[in-house]
């Protein structure tokens, strides 16, 4: 087992290509991490997730601590064995989910007390407990427990929240048990305020983490503000550590994030869209419930290697969604994750060949061009 | 493309082992046919169905005529291509489903008018139309359109219904377009009345079909009456034609059916049970929602080759069902179909080795023995 580190292999403008080395194997970056909230990437077997080219998946502290319970997962051999994913797993800290509970949670300086969305039972998360839970889950990458205010919010609110998150980051670091090949990432907060983001970066790099995440974006501020925040924040981060943009996003968001120096992404979009008949493709999105697909013998996307495209027509997918058949979400999730992974591979190759700008222009033109006529 | 025929390869008592030769490839019998009601075996890719060892699947005239429509399926290249199942497909005639509509349908001597359960639209099925639809679907095996009264019913009701079904069988046969390697099966009716069953067999064999089904059982009469009806009915059927017991059943029903000379079965049980946390195993059934599985690191069944058993613990399956994750039904359907296919293969081998009685005793003892302690 070797150390956890990110090796830069190429750069093109601010964009970087590299490899993340972990206790559970290497991951090529930039990378998109499918979300496995409750120990499963929804509607996919672990084999199917692997077949899309995914190298690392996400788990959720909040969901797993409530069901089946962190100690249960530990007793069952950890999250890797539990969900049949021997590769790297990143777990989020539960902070974002707990904040989303609204009236069901109570924040203090020490942590958060909240009621389970499942049965109303009382629970508490602190930086220490979140870190301990992620250890019990055997997360390859542990995230700091942070607070994330919804935008828009006053600068004072954002500043106070960021500073609380920085104190919690120090406590999370203190609670983290270093293990060979494992990592803990700090999370930059500060909304869309450049000075607050810079203060947050200083606090986190002062503590020192194996990687840095940009949190508190994609929460309603819009793509332009998200990108301008990245433009000023990412250059402040250490160049030799992996950078992770949390909860993002559309294919265009991923491309823009990579162009601004981000290496890792996660988002429920491709999986959630897969369950609601929305396909991501090289030529934009398709709603497979739309009647125009009812007799269409073409695959979702020519050349896509996923089973939805190599085995079936749009007409069949349309039928499955109209008939509420489970196979619809299964096949379309498979397709969407395959598209996201192929998108990231293409971007990575373009970086290594120093042609990211041209590649990005081609991608955006194709997305804007829409579905080619039959 | 060769003719449709069933080749007997071994017999043990009334039980037979053989091969069904069809336009879409051979099927070893006895065989269990997974139900693909609306052009998909629920929660399974076609690849996954194949991996369980299934050789032939079912489609439903009633469901497919309403959505996506028989002409649509024909235009898309037939049901085989539509659902990615190049192997043999048997379609039921719609009779059973239409009869189940109760107040939504109106029966006359010519056929049945009914309202769609999807949108209330009016439709009509006759022996001719049902046969035509099954042709449009490109069914390898077409079933006669029949009427099937719920039991218990008066002998007069059952007799009148059976005789109507026999007139419809003649009209179905007239409407059937013979094609090399394709078949049409007649359906024996007559409830649990031995004389009516015999009359039905005479009527059908007088018409002449490529195979014979026993219908109108497993509709509430109980296993003992079902078996005694088979005891007197099956010996009347031609020995050189395949025999299909419709809508049956539990593992014990299948075993008893084979012991009485049945070659083919279909039932929603293993797939429906897979969606409701019920596992079929060599030692009976398990309810994976039960709390006793929450920490159980064993597979559902040792030695089972399905991914639920080779990759995951009972504890993980329990978690998936508790969390309402789609992967629960996916994995458990896979397991149940794998168990059903392995059951049929084991029975087939026992027939070819002339030890079915001993094998049956072992199977029944293991089912009755229950889940071995950890």
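Any Cβ shown, glycine's included, is placed from N, Cα and C.
Automatic prediction, not curation, is the source of TrEMBL annotations.
Annotation source TrEMBL lists active site, proton acceptor at B:92. The active site, nucleophile annotation in TrEMBL covers B:266. Annotated substrate binding site per TrEMBL: B:92, B:93, B:94, B:95, B:96, B:146, B:189, B:216, in sequence order. What TrEMBL records for B:304, B:306, B:309, B:335 is Zn(2+) binding site. The feature domain 'tRNA-guanine(15) transglycosylase-like' is assigned by TrEMBL to B:14-367. For B:247-253, B:271-275, the entry in TrEMBL reads region 'RNA binding'.
In terms of DSSP helix, strand and coil, the region 'RNA binding' (B:247-253) has 3 helix, 0 strand, 4 coil. In sequence order, B:99, B:143, B:144, B:145, B:147, B:148, B:165, B:187, B:215, B:246 are the same-chain residues whose CB sits within 8 A of the CB centroid of B:92, B:93, B:94, B:95, B:96, B:146, B:189, B:216, the residues recorded for substrate being left out.
Here the region 'RNA binding' (B:271-275) has, by DSSP, the following mix of helix, strand and coil residues: 5 helix, 0 strand, 0 coil.
Those residues of the chain, other than B:304, B:306, B:309, B:335, with a C-beta within 8 angstroms of the mean position of the Zn(2+) site C-beta atoms are B:299, B:300, B:301, B:305, B:307, B:308, B:310, B:334, B:338, B:339. If you draw a 10 Å sphere around the CB of residue B:146 (substrate binding site), it holds 30 other CB atoms from the protein chains shown. For the substrate site listed in the record, the two most distant Cα atoms among B:92, B:93, B:94, B:95, B:96, B:146, B:189, B:216 lie 15 Å apart.
Once Cβ contacts within 10 Å are tallied over all protein chains shown, the binding-site residues B:93, B:189 are led by B:189. Long-range C-beta contacts of the residue listed as 'active site, proton acceptor', restricted to its own chain and to partners at least six residues apart, with a cutoff below 8 Å, comprise B:58, B:59, B:60, B:61, B:62, B:143, B:246.
Residue B:146 (substrate binding site) and residue B:304 (Zn(2+) binding site) have their C-alpha atoms 39 Å apart, to the nearest angstrom. A simple way to gauge crowding: the CB of residue B:304 (Zn(2+) binding site) has 19 other CB atoms within 10 angstroms, across all the protein chains here. Across the structure, residue B:94 (substrate binding site) and residue B:335 (Zn(2+) binding site) place their CA atoms 28 angstrom apart. Predicted-model confidence for the region 'RNA binding' (B:247-253) is 98, expressed as mean pLDDT. Residue B:216 (substrate binding site) is 33 Å away from residue B:304 (Zn(2+) binding site) when you measure Cα to Cα. The binding-site residues considered are B:95, B:216; of these, B:95 has the fewest other C-beta atoms within 10 angstroms of its C-beta. Nearest to residue B:96 (substrate binding site) in space, judged by Cα atoms and limited to the recorded positions B:266, B:306, B:309, is B:266.
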